[in-house]
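What TrEMBL says about this one:
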type     : residues : note
DOMAIN   : 52-318   : domain 'G-protein coupled receptors family 1 profile'
TRANSMEM : 36-61    : transmembrane segment
TRANSMEM : 73-97    : transmembrane segment
TRANSMEM : 117-137  : transmembrane segment
TRANSMEM : 149-170  : transmembrane segment
TRANSMEM : 211-229  : transmembrane segment
TRANSMEM : 257-278  : transmembrane segment
TRANSMEM : 298-321  : transmembrane segment
Amino acid sequence: QKSVRMLEPTDVTVAFDVAIDQVTEYEPYEERLETYVIPVVFAIIFFVGILGNGTLVVIFLRHRAMRNIPNTYIFSLALADLLVILVCVPLASIIYTLESWPWGVTLCRVTECFREISIGVSVFTLTALAADRYCAIVNPLRKLQTRPITVIVAVFIWLLAIALAMPSAIVSDVVQVDIPNKTIEYCSPFGQRTNDSLAYSKFKTVVNSTVYYFLPLAIIGILYILMAYRLHASARDMPGENTGPQSRSQARARRHVARMVIVMVLVFIVCFLPHHVFQLWFHLNPNTEEDYDDFWHILRITGFCLSFLNSCINPVALYCVSGVFRQHFHRYLCCRQMSVQRRIGMSSAGNACETSFVSTIRRSQHNHSIRKSLSVHSVQSTKR
């Protein structure tokens, strides 16, 4: 006999379309470890997410020096994460605590829609950041042309994510399931349990995993491979070009921002890999009911928690890899007063990721002025 624990449709992202009414054993929620662990995990996610992402928003809004192209995308990421933290985390935190969804159909649709919007904004913004780094390293002169449209790109990402999340806002529903001695309700992103919803769940799972995970990460991987090849070719073919202190500083700034982006991408990969692995296995495996065991149950819960953890981990990652963000975090979270010299240093560092192409343009203009002066001097000498 099978335990209902491994068959219940209690995950906000999973619709369990199995014959639960045939199950004769039921494991009460109060006897499950996750009933007590997950609320603690979600409380930590909520507190850290509000504090971290809220601080990122304040840093971006209050410090003009931090409003460069990469940080504009990071600001957009923070807004998407705050959307999940404020709306979805409180509503979804009870999924493994209460047996039935208590919030009704409207909040079920809001939760599914907002969470999908946040995931879309996150992965599409990371892709835009990788493309921005590629342009900055491969052709810094072109980046000046893309800077005015950074906000437009960010807004387009939000509109695209909202459009892709509309099916969840329309189809999601509260489904009733009969189990021994009671009836439970759960929030399903696939609607009521019918043959059509079963086919739709398979289709949506494949589309979501492709659009929100595998395809963007493949694009990001290709961009970083091309960046690495370009940097290697530049160092090999032009060993004497970037030997000046300013050039070395610009190269370090570009590499630093590239590392910052790749860390955020790796965090996204780790946080959503268990979720997508379980989703694909569950909805595409014809023997799910027979194969579901403790391993898949643990993976399901782990993926559920990690997918929400992603909304609070980016500020922590930025704190670890970026000295500029770390100093600002210290200022706002530790109430540390900074000297004027330190503020100047932070402002300079905040603009470091943009200086590479600006300085290149200035050097080009300076060299052009020198060549023009030499030409004039040569003409005047000839006339003499």
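Note that Cβ sites are derived from N, Cα and C of the backbone, with glycine treated the same way.
Distant neighbours of the transmembrane segment (73-97): 10-12, 29, 32, 34-35, 38-39, 42-43, 45-46, 49-50, 53-54, 56-57, 60, 103, 107, 110-111, 114-115, 117-118, 121-122, 125-126, 128-129, 132, 150, 154, 157-158, 161, 187, 264, 301, 304, 308, 310-312, 314-315, 318; these residues of the same chain sit at least 6 beyond its ends, with a Cβ under 8 Å from one of its Cβ atoms.
The list of residues near the transmembrane segment (149-170) in space but at least 6 beyond its ends in sequence, with Cβ under 8 angstroms from a Cβ of it, reads 69, 72-73, 76, 80, 109-110, 112-114, 116-121, 124-125, 128, 132, 189, 204, 211.
Fewer than three CB pairs closer than 8 A are found between the transmembrane segment (298-321) and the transmembrane segment (211-229), and contact between the two stretches is not assigned (pairs 6 or more residues apart). A mean pLDDT of 88 is what the model gives for the domain 'G-protein coupled receptors family 1 profile' (52-318). Taking pairs at least six residues apart, the transmembrane segment (257-278) and the transmembrane segment (117-137) share three or more Cβ pairs below 8 Å and count as touching.
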